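Taking it in order: structure first as structure tokens, then the write-up.
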Amino acid sequence: MPWEGCMERDNVSTGATMEFLLLGFSELLHLRVLLFLIFLIVHLVTLAGNIMIFVAVVMEPSRPPMLFFLCQLSAIELCYTLVTAPKALLSLVVVDGSKISFLGCAAQMHLFVTLGGAECFLLAAMSYDRYVAICQPLRYAALMSEGLCLRLALTCGLGALAVALGLTVAVFRLPFRHSRRINHFFCDVPAVLHLACTHSYTPELLLLAACVLLLLLPFLLILASYVCIAVALLRITSPVGRGKAFSTCISHLAITLLHYGCATFIYIRPKSSYSPARDKVVSLVYTNITPLMYPLIYGLRNKEIRGMLRKMLRRKKIAQVN
């Protein structure tokens with residue numbers, strides 16, 4: 001039996017009518033207009049930056065593996081912002097918070113976890129690409145074939161989809177409190193679990209298992225790749241050659257640290273340490289600032305990306321003149 005303040009829920013009948021209330025940033029009413037403008041600008045710049053990289057890579061006839069993965073990463077970031085940003089903006093327009101249906105909340109959580117997991121797996125695939133490029137340069141073309149890249153991208157998506165589906169089903173089978181007010185701007189896992197009426201540690205164990213599969217496992221693969229890369233760099237006697245080889249990894253390292261830093265803080269911790277205000281700030285960085293940084297980091301540091309963007313803009317100017 002659920003404890004006080006909870007309700008029994010029939011998953012079939014209640015799911016169609018049950019609603020949650022996303023409080024968003026309702027406690028910051030005096031800053032609503034400013035926050036709305038900031039979020040809107042960040043959202044539009046993020047969309048523009050990732051779309052430019054995605055289109056530039058797609059239009060390139062010959063794409064090396066790293067650019068292929070970068071194209072996938074831009075597509076994930078585009079979907080990321082579209083999953084969370086509209087509700088965040090709506091929560092700033094509606095004073096008392098925005099409503100979201102039971103199925104809509106479950107779908108948003110599932111998409112968010114899928115995209116986050118796919119990004120973790122993709123970062124691991126990109127680290128393997130860097131490992132092969134630096135440690136086995138003569139075999140790079142043979143090992144990183146187009147077929148392998150496609151299989152890696154497909155595995156990243158399907159693996160994340162399966163784990164996210166299992167976690168989402170487990171979370172939304174739990175009984176929830178009568179007060180279905182989510183102190184967040186989207187249906188994030190810790191925020192929804194905070195409403196669950198259960199004394200058991202099963203929900204936390206399920207989240208921990210998902211974190212092991214989506215966060216820890218890819219991180220260990222990335223760590224192993226960079227240990228091998230570090231050993232290979234130590235064998236390079238020329239400082240110029242060592243610096244040139246390491247510079248190809250800086251962008252990937254920066255994105256990995258940014259992504260894993262925020263994700264680890266939010267998801268790998270006990271339920272008792274949950275703090276809505278603090279989590280919203282970190283989630284804000286995780287879902288808005290981080291996707292904005294990706295095109296900036298790769299666009300500014302990657303010569304191939306800069307070259308493709310220049311060619312794309314040149315083609316556009318020629319088309320306008322014609």
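Cβ atoms are placed via backbone N, Cα and C, with glycine included.
These come from TrEMBL:
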- 33-59: transmembrane segment (TRANSMEM)
- 49-298: domain 'G-protein coupled receptors family 1 profile' (DOMAIN)
- 66-89: transmembrane segment (TRANSMEM)
- 109-128: transmembrane segment (TRANSMEM)
- 148-172: transmembrane segment (TRANSMEM)
- 205-234: transmembrane segment (TRANSMEM)
- 246-269: transmembrane segment (TRANSMEM)
- 281-300: transmembrane segment (TRANSMEM)
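When Cβ distances are compared across the two stretches, the transmembrane segment (109-128) makes contact with the transmembrane segment (246-269), since 3 or more pairs at least 6 residues apart fall below 8 angstroms. Contact between the transmembrane segment (66-89) and the transmembrane segment (205-234) does not hold: fewer than three of their C-beta pairs are under 8 Å, each pair 6 or more apart in sequence.
Fewer than three CB pairs closer than 8 A are found between the transmembrane segment (148-172) and the transmembrane segment (33-59), and contact between the two stretches is not assigned (pairs 6 or more residues apart).
Tallying C-beta pairs under 8 angstroms between the transmembrane segment (33-59) and each of 205-234, 246-269, 281-300 places 281-300 first. For the domain 'G-protein coupled receptors family 1 profile' (49-298), the predicted model reports an average pLDDT of 84.
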